[in-house]
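The structure appears right after this line, and notes come after that.
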Amino acid sequence: MRTFASALLVASVLPAATVLAAPSPAQGVSLPRPFSRSPVYNAFGTQGTQPTSLAPIADDKDAALAYIAEKSGVSVGDLEITDDYTGGNGLRNIYVKRTVGGKRIGNQVANASIKDGKVFAYGSSIAGKPAAKASFGSISSEAAIATAEKTYNLKRNANAAPFERYIEVAEGVLEPVWTVQVKSASTDPKLQWLEVDVSASSGKIVAAHSWVADARYTVADFKSNTPVGKIITVTDPAITSASPKGWHNDGTKEYTDTQGNNAYVYYLTGSRTKNLLSGGANNVYDAVYDLKQDAKVPVNTKAGVANNFYVTNLMHDLGMKYGFDEKAGNFQKTNLAGTGGRGGDAVSVSVQDPGGMDNANFATPPDGQQPQMNMYIFSGSPTRDGTMSNDIIEHEYGHGISNRLTGGPANSNCLDGTESGGMGEGWSDFIFLATSRKKTDTRDTDEVMGAWAVDDPAGIRSQPYSTSLTRNKHKYSDLKTTKQVHQIGERWATMWYEVLWNLIDQKGFDENIFNPPSPNPTAGNQIAIQLYFDSLALQPCDPTFISSRDAVLQADATRYGGAHKCAIWKGFAKRGLGVKAANYNDDFSVPAECSGTNPTPNPTPNPTPKPTTTAKPTATPKPTATPKPTPNPPPKPTPKPTPKPTPTPSCPWWYPDCDSDCPWWDLSC
């Protein structure tokens, strides 16, 4: 399937990769595909290009046609414009088909995106070679319709008249066809709609195309924390074993907007009226985020809602594959498997919520009560939508995972201590670190969180996540003086990052994180994700670094027979959480059976590193949504009101030098 035209939707912003599923066959009958050639595609950066053989042309349409003709080797008179519009990015997008004798060739197309006479992107499947036109035969349009109806058990579309055109069936060989439409009846349970090319000479079907594409989203690549250069189109990305009815069905009803069994994603207007984003009958969400515009322009709001729906659902599916399922207290409106747990708690997400700036938060009540994620706009010129930064979405969803799994799904109070709350921040960072690794990464690959959202390459953490003791100096002993939850979280996530790379070194890497081998994932990165989920359920309520480290070792022992214990020990010990670590005193030792290859840490404890320059919002800082307990909490948590996200937090969730003594659930402070 040729997909170059889809890529040009974002040509002015960035190169795009497009992934489309093959059309569904009608009633199990395969659809013949026509001859095709790999399209030429060129993007020309910020400067653009012009037709080289011609003088500058004032009219963009004429200039685009001249450029296509020059590059494809045909005359302008043989090009017929099929679409012509100017996008929100200012580029005029012109799409053409080649014609012969006044009739279109259905599978020879080209397109150009142009502004001020300069072409910024160009794609073409036009051969430029002479194409002999074949004469039309004796097959009538009615006979062609009858053939299509019988073949696919569908009925003609009375609103679309058949027409004549050519289909290239081999290099330079044109077949005259009748192009007809057949579709399912309105009473049929499954929508089918085909365009069929029937030979006007032989009466045989030459090609057929399905116009029914199951849910498609234009989004930021799941493994990226920036939309810059990472916009892709995905079709039917739901993991069917995790979301068997897809993302737009809650078990009782099918939806054509951004709601389903796992998520309810909306934006607010007026007096906080919730607005879902419609995807039409086929659930197509194709708004492309415009980096040059403020976050609140309509196309960016639409892109943000779609992207959040995509990432939030993928996080649900990821959890289902690694053990955060219905019985473990995951987030679903309807528990379809019937294995336990409470339903009624699909994640509710407010995108571009007006209640704050430069922030994001996630409230996790006990199982059966709907959690709330609020995503805010980040300051800057132009402003940026935090929900286009996937690391922020995953971080917030990660709070729901760690709170539901630690201490059981009915207890949401197990991570509200200073140390455990900080570890909650670390787990939320780590889930992005683990899921965003690529096969080109190495243990020398550093990760900076939130850099795009705050428009600062240093990101939102004091140091990059790294296995380098020079670029990241975090150690267990830092907790002696580090009492802010996000700073604590940096230390915890850094240790996990070391473990991740040790596991990859031991067991390799597999980019397929959503369908790992069952029941036990085998690649190092998959194992790290599995141990992440497993250990959360094994650890105690209000865990410490030490108890949670031990829970990780236990998780490995339980699932893998301790096969990875040395990789785990060495990862933690490298940062001071070795065998004899206690009371925030570093120890770099590992069990005797694991000795010999551990990286040598700096033997002299480093002072607590001062944060590198981190972008601070221009707006008044807002508080973190992460809870901080009152001093000396009682042994058992006291009942708290039903959690609600703080509507106007006073300190950004990411900023390491501020904190709040006000509980996140107390709206009076």
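Our numbering is plain: 1 for the first residue shown, then up by one each step along the chain.
For all residues, glycine too, the Cβ spot is worked out from N, Cα and C.
Feature annotation from TrEMBL assigns active site to Glu396.
If you look up TrEMBL, you'll see Asp214, His395, His399, Glu425 marked as Zn(2+) binding site.
Annotation comment: TrEMBL describes 78-125 as domain 'FTP'. Mean pLDDT for the domain 'FTP' (78-125) in this predicted model: 79.
The region 'Disordered' annotation in TrEMBL covers 593-653.
According to TrEMBL, the feature signal peptide maps to 1-21.
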Looking only at Cβ atoms, how many others are within 10 Å of the one on Glu425 (Zn(2+) binding site)?
29
Between Glu396 (active site) and Glu425 (Zn(2+) binding site): CA-CA distance (Å):
9
Tell me, by DSSP, whether His395 (Zn(2+) binding site) is helix, strand or coil?
helix
Looking only at His395, Glu396, His399, which of these recorded positions has the biggest number of Cβ atoms within 10 Å around its Cβ?
Glu396
